[in-house]
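Trainee: My structure is below; once you've seen it, I'll send some questions.
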Amino acid sequence: MRHRRCISAILMSFVLFLQPVYAVPTEENQPESIQENTTENVKSQQEQISAPSAILMEASTGQIIYEKNPDEKLPPASVTKVMTLLLIFDALDSGQIKLGDEVTTSEYAASMGGSQVFLEPGETQTVDTLIKCISVASANDACVTMAEYICGNEEEFVTKMNKRAKDLGMKNTHFVNCNGLDADGHLTTARDIALMSKELITTYPQIFDYCNIWMENIIHKTQKGESEFGLTNTNKLIRQYEYATGLKTGSTSKAKFCVSATGRKDDIDLIAVIMAADDSKARVRDAITLLNYGFGKCQKYTEKKQKKISPVEVRGGREKQVKVRQQGAFTYVDTTGADLTKIENKTRKDKNVKAPLKKGEKVGETMYYLNGKRIGSIDIITTEEIEKQNYRSALENVLEEYVL
């Protein structure tokens with residue numbers, strides 16, 4: 001009997017030895033049991049957000065549903081990588097880089113500490129694989145590798161991060177690095193994180209193809225040969241919360257526990273940002289509470305059919321009128337329980353429109369009202385160019401009127 005037990009133990013050790021190595025992120029390595037809140041009690045729980053700073057935003061409109069010290073400057077840890085990913089997708093969208101590009105890891109990139117996938121100097125991985133490493137395993141070495149590939153060095157990439165932040169209206173953000181490791185002056189706010197998260201998920205929804213991966217293997221190819229390495233998602237919400245869609249967690253000793261948590265239920269997309277939670281469980285609990293609060297409180301109106309708008313009069317142009325259209329469908333998120341079937345709209349056209357006009361210029365707006373209160377507007381834009389009238393075209397117009 002003792003002999004059989006010994007053989008069993010040896011076999012079990014051998015099986016465990018054969019399993020692929022998985023990245024166990026330093027920031028998220030403990031499973032958590034998540035109890036989903038009911039709609040009935042989310043309001044009381046929403047009032048008990050333990051984190052010192054938090055915000056809840058509806059993604060399509062940017063409407064703020066809840067906030068708690070949303071403009072307090074705090075270190076964001078790896079939530080920084082939302083901006084890093086945004087710039088990567090910008091580069092893909094512009095054609096600067098491609099998903100299949102082979103990227104070589106530098107000694108500097110390989111030296112990053114914290115969460116990593118242990119890229120070695122000289123190792124090559126595709127852009128697609130590196131995005132997975134960043135989105136799933138929160139890999140600091142992969143972030144720097146991509147930063148160097150896009151801009152030549154991390155410093156130039158960070159300059160680009162700060163410019164993108166400014167363009168998005170992130171007024172209280174300053175990035176020092178591309179991965180979120182603690183550094184003096186590397187600060188942002190819950191509101192600013194929500195803004196860059198909104199930009200990422202609405203402009204590049206393909207990010208969900210990456211941040212929803214729970215576990216996946218990559219292959220290290222180095223001078224030592226090939227080895228399999230497992231990625232495990234740092235965002236436990238993906239596995240344990242029904243409506244979770246992303247996005248990015250982060251934690252350091254200075255930042256404590258942060259998350260930009262995205263969720264979707266029916267046609268509502270929410271972004272819950274938690275900053276400086278005491279521990280991983282508190283962060284998850286606060287994120288779940290806010291998401292459930294939002295799903296229980298929000299109803300969304302989306303304009304189904306846009307009305308046709310008659311042409312706008314133009315002064316001094318080769319044509320007397322310009323064709324126009326509404327720029328897009330109006331959407332509105334209500335948190336008061338109002339009857340959204342009572343939404344009304346009025347069209348206002350600019351009266352002093354002068355040529356020349358480019359296609360896409362604003363020449364008015366459609367205004368939307370609910371119970372007499374203005375709740376938003378959509379621009380009316382030109383659908384064609386109108387050249388400025390010259391002597392010949394003016395003469396043609398006069399002759400045309402005279403003949404008619």
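Including glycine, each Cβ sits where the backbone N, Cα and C put it.
According to TrEMBL, the record shows the following:
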SIGNAL    1-23  signal peptide
ACT_SITE  Ser78  active site, acyl-ester intermediate
ACT_SITE  Lys81  active site, proton acceptor
ACT_SITE  Ser138  active site
BINDING   Lys248  substrate binding site
DOMAIN    301-388  domain 'Peptidase S11 D-Ala-D-Ala carboxypeptidase A C-terminal'
Trainee: 10 Å Cβ neighbour count around the residue listed as 'substrate binding site'?
Mentor: 30
Trainee: For Lys248 (substrate binding site), which DSSP three-state class applies?
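Mentor: Once the DSSP labels are grouped into three classes, Lys248 (substrate binding site) ends up as strand.
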Trainee: Report the same-chain neighbours of Lys81 (active site, proton acceptor): residues 6+ apart in sequence with Cβ closer than 8 Å to its Cβ, ordered by sequence.
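Mentor: Expected: Ile134, Ser135, Ser138, Cys143, Cys178, Asn179, Gly180, Lys248, Gly250.
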Trainee: In three-state terms from DSSP, label Ser138 (active site) for me.
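Mentor: Reduced to three states, the DSSP call for Ser138 (active site) is coil.
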Trainee: Over all shown protein chains, what is the count of other CB atoms within 10 A of the CB belonging to the residue listed as 'active site, acyl-ester intermediate'?
Mentor: 30
Trainee: Could you put numbers on the helix, strand and coil content of the domain 'Peptidase S11 D-Ala-D-Ala carboxypeptidase A C-terminal' (301-388), residue by residue per DSSP?
Mentor: 3 helix, 44 strand, 41 coil
